[in-house]
Each structure stands twice: as C-alpha cells, then as structure tokens.
Amino acid sequence: MNTPLRILLLEDDARDAELIHELLEADHFLCEITRVQTRAEFLAGLEDSGIELILADYSLPSFDGLSALKLALSARPDLPFIFVSGTLGEDVAIEALKVGATDYVLKTRLSRLGPSVRRALREARERAEREKAEEVARRSEKELLDVIEAIPIMAFTTLPDGGSAWVNRRWAEYSGLDETSGSRWQATLHPDDLDRHVTKWQQSLASGEPFENEARHRSANGEYRWFLVRAVPLRNEQGKIRKWYGTLTDIEDRKRAEQERARLRQLEADLAYMSRVMTMGELAASLAHEIKQPIAAAAMNASVCARWLCRHRPDVVKAGQAASATIEDVTRAAEIIDRVHSLYARGTPNHEQVDLNEIIREMIVLLNDAAHRNSVTIRTEFDVSLPTAVADRVQLQQIMMNLMLNGIEAMQATGGELRVASKRIEDGHILISVSDSGVGLPVDGPDRIFEAFFTTKPQGTGMGLSISRRIIASHGGRLWASPNAGPGATFQFVLPPTLP
Ligand SMILES: Nc1ncnc2c1ncn2[C@@H]1O[C@H](COP(=O)(O)OP(=O)(O)OP(=O)(O)O)[C@@H](O)[C@H]1O
Ligand SMILES: [Mg+2]
C-alpha cells in the first residue's frame, strides 16, 4: 500500500504533532498529516474528503476536543475519531466514548497509538463494507418493488410471522389498506371464504410451504371480487424465512365464466333429463314387458319349488334348483328396474370411470323387447381391450339409448340387424358405432338431423340427436352420422379417455 494514510490532527503543540507522526511512521504507517489548531481550520479540514482518520487533543487554547468530536460526528460520522491527550481523566474519557469517539490514547502511553489506529481503521472499513452491502440489498429490493409496481398485479410482502410489511399501490387502491393496516386485510375477505383462507395462510406460515388459495376480497367501495392469492417465502442463506412475497390475481371474470358454464351444464342436464323421461315414457310398454317376463318366470319357478317340497317324498335337490332359478329371475327383474331407475334419476353431471361395453349391454337389456317387436336383431362387436373413459354414466346410457332406438325405428318397416361395435383407437380414445339397415339419412342436408326439434317421426321430439351431440362434445368427443354403402346409416362417436 503506497498511498499515505491521510490524518486530520487537531493539536496545538508542534512537538507533540511531530512525535505522533514519528511514532506512526515507526509503526509502519505511511501518513500525511494535516495539522489544525482552531475551530475554523478543523471545519475546513473536515471538508477534505480524502481524510481517513481524526486524531485530536482534548484541550486546546482556542478550541476543545469534545466540540471537535461533535462537529466531526455531524459532518463525517464515518470517520474514526481518536483522542490523543495528556489531560484526559477517566470520567472525561468515558464521556468522550459515550458521545461517539472511537478510542482515546494518553500521551503518556503513546505506544498504544499504532494499535488503536489500526483497529479504528479496520472497524471503519468493516462498517463501510457492511453499509455498502446493506445499501446494495436495499437498492435491489427497491428495484424489485419498483418492478412489482409496474406489473399490473396486486402484490404484498409480509414479515415471517405474516405481519404486513409492504403493499403495492394497486392493492392499496383496491382495498383501501396500506402496510400499516396489519391484519385488517382479513376483514376484507368474504365471510364464506374467511375461515378457509386464514387457516390455510396460518398453515403456510407454520410450515413454510408456498400459499395458494382462491377467495373473495372486498374493495374499498364494498364490491367483492374473486382473487387467486399466492405467496412464497424468501429465505436467507441459512434457509430461515426473511419475508413472504405475495400476489393477488383478479380472477373474477374466470369465476363468472365458470359459474355460467356450471349453470349451462345444469340446464343441459335438466334438458337431457326431460328427454330421457319422455323416451322412457315411450318405452313404457316395452319396459313393462321386459320386467314382466322374469317375474312370470320367477312365479313359475317358485311354484315348481313348492311342488317338489310338497311331494310325499320331498325332493330337496330339485326344489333347491328351482329356488335358485327363482332368485336369478328376480335378480334380473331387479336389475332392469335399477337401470330404468338410474335413467329417471335427476342430478348434476357426475364423472367416473365408465365401461362403454357394459353400458351397451345394459341398453340391450332395456331395448330387447322394442327390437323384438320391430323384428330387429341386435348384434354386438365388442373390443375386449376397450379402455374405460371418464364420463357421466347416465348421460352415456342416454346416448346409447337414443342411437339404438333411432336405429330400431329406422328399420320399423323392414326389420333387420342393428350392429353395435366398440373399438379402441389411437391415444386410448374410444370409438362406438351403431349401424342399421333402415331408411337411411334424409337426402336434403343430412346434418339437419342434429338440429334441435328436427324430426321426421309423428311422435318424435327431435331432441335425441342434438342432446347426444352436446353431451359427447362436453366430454371432449365428437358424434357424426354417415350413410352406409348399402341401405341404412351409421352413427359414430369418439370419446377421449379423460375429460378435456
Ligand atoms: N338411424 C337413423 N336412420 C335414419 N334417420 C335417422 C336415424 N336416426 C335419426 N334419424 C333422423 O334424425 C331425426 C332426429 O333424430 P332425433 O333422435 O334427434 O329425434 P327423433 O328420433 O325424431 O325424436 P325422439 O328422439 O325424441 O324420439 C329423426 O327424426 C330421423 O329423421
Ligand atoms: Mg331419437
């Protein structure tokens, strides 16, 4: 280090000044000393920004060391200030340190000067470095907050315990609160969201896990809006949480759209329900027949059973067989009633894993009699490796019922075969097709059949296909019709394995 240490020395005695200089040089300090004796000179010396250290006598003819210390502290609080005096009593020394002197050295013990200066400079340097680092941190935090202010989002920071530390302008304007509002933000929560939100936040504060919740906050003018509130902890090098940074994203529009979609879904479900009930009404005669058959069989089997038991020598084995057959008949009747019942059940869409093959089998049970009366046979071609699809079971039953009944009705005049096939296609998608050999699609604008109320049947509502298409679309799939090479038409739909 060749640059000399620049010292401001307040000393009236030239010989003492000389001595101090020599001692410091002997202690390997290369120094450049500016000696001053009066208040005016001292003040001028303080203005020199190159000065790194002040050494001061305590009592001088026209000025005193304590006043000099106070001047130095107000003008240059960063400069180390060491008293070098012959007259410093213990009380005065302590007072000087209290006021803010770095150290004191008695002229009778000048050997302490070198170490004292060394320590004072080191401490000053460390302090300067620390302040610089803190300044850098402050500045980068300020920059960060400036950036956050610039983003169109509401934001806040909190202390590790959740106490409000800072809020950005947007949030302050929306809520009418600022960082001094403490936990009053909780009072802006909608009463229905309050408990859940606050509990989740407390859990995050306790665990240090990121926080995320959707809740309604009241604005300063009393209007509630939905927000997605997120907060993440900022940790220091030791992993201890220093702060939480949070944002509030306005999701009111999304929530409204969601509610509207839910309302539409419910409307659609209601419509589908009405249509099902009407179709079931039309099927009433077939269903009655379908149920009567196993019940009649059960009655017959039960009387056979009774006969075997009432014989002179009861045949328990035969009676048991007849009883078992009775159970089977009754179970079959109960199954049919169950299926009919599920189609009559009203409700909101309920998604679960659904096996399409099973649904087709169930529908065949219900439509058996209708097919029989129209001289239609039903043939199935099942893909045994068919994956399940996430879907609403009742809605899919309804679609199969619509398509199969349409096919049967198309063959009313001629009879024929209804072919129902399932197939796994790429990406786990499912393809279902229903083909008939009936009258075929209307030639003028075949796609009109999917319009609501389009029907060519005297008793038809024309709702079956339009509802089916909507249901398939709401499952992320597609339903379409195509003419067959021979007579009749084929209806097909594709379903993805999961909902969109
Ligand atoms: N398999 C088919 N072959 C020929 N035409 C069909 C077939 N399926 C439907 N269509 C035509 O599409 C029209 C609309 O069918 P949709 O199922 O929507 O109503 P609908 O069967 O007429 O009445 P509902 O279903 O209420 O009894 C039918 O009237 C018919 O003209
Ligand atoms: Mg129909």
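Quick reminder: no glycine exception, Cβ is built from N, Cα and C everywhere.
Annotated coiled coil per TrEMBL: 118-150, in sequence order.
The domain 'Response regulatory' annotation in TrEMBL covers 6-122.
Sequence annotations record features per position, and here TrEMBL assigns domain 'PAC' to 211-263.
Look at TrEMBL and you will find 286-499 tagged as domain 'Histidine kinase'.
What TrEMBL records for Asp57 is 4-aspartylphosphate. Following the DSSP three-state reduction, the secondary structure of Asp57 (4-aspartylphosphate) is coil.
Counting residues 6+ beyond its ends, the coiled coil (118-150) has Cβ neighbours under 8 Å at 5, 52-53, 78-80, 82, 102-103, 166, 168-170 in the same chain. For Asp57 (4-aspartylphosphate), the number of other Cβ atoms no farther than 10 Å from its own Cβ, over all displayed protein chains, is 25.
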